[in-house]
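**Q** My questions all concern the structure below.
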Amino acid sequence: MSSERSPKVQSGGAFDIDWDVKDPTHKVLLDGKRERQGDYVFTGNTVGEYSFCFENDMSTLTDKLVDFDIMVESEPRREPPAKPGQIAEHTSALEESVFKLNGMLMNINRMQKHHHTQERRGFSVVKSTQNRLFWYAVFESLAIIGMAVFQVYVLQTFFTKTGRRYKV
């Protein structure tokens, strides 16, 4: 049995995550470090439960949202029962059309999930940039107010202090 796995980090940190796939004997089949997304195919030769592990060790302060699909690529095709005559030909042609439609719908579904992930990443970047711009604007406003207060103080002391050498 051949399976396809496609993880995508949708939000959190630098959009990267560590992951691995283990077979029922705990042998590592696939692994990745600091990956954002990808499509991977592996062959499962052992009968049993496979484990898909994700780790967030590099950025423990931020939560991450990971979307992943597991699809079986090499499912055995069901053979139609042998029927004599033209009905068997129509059935096999119809079944072939259904398999093609299924493949196209799976491709559309995969593309929609990819675009959804890209949209979530873009939203996360915009949200982060908005936060940074807000704090920059607050700091800039405080700096302008501070400079205005300092200028008023300097002008007041310049004109009100007596005994200075440079009196106007």
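Cβ coordinates are placed from backbone N, Cα and C, and glycine is handled just like the others.
Pulled from TrEMBL, these are the listed features:
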- 1-72: domain 'GOLD' (DOMAIN)
- 133-155: transmembrane segment (TRANSMEM)
**Q** Same-chain Cβ contacts of the transmembrane segment (133-155) under 8 Å, 6 or more residues past its ends?
**A** none
**Q** Over the domain 'GOLD' (1-72), work out the mean pLDDT and round it to an integer.
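**A** That region's mean pLDDT is 72.
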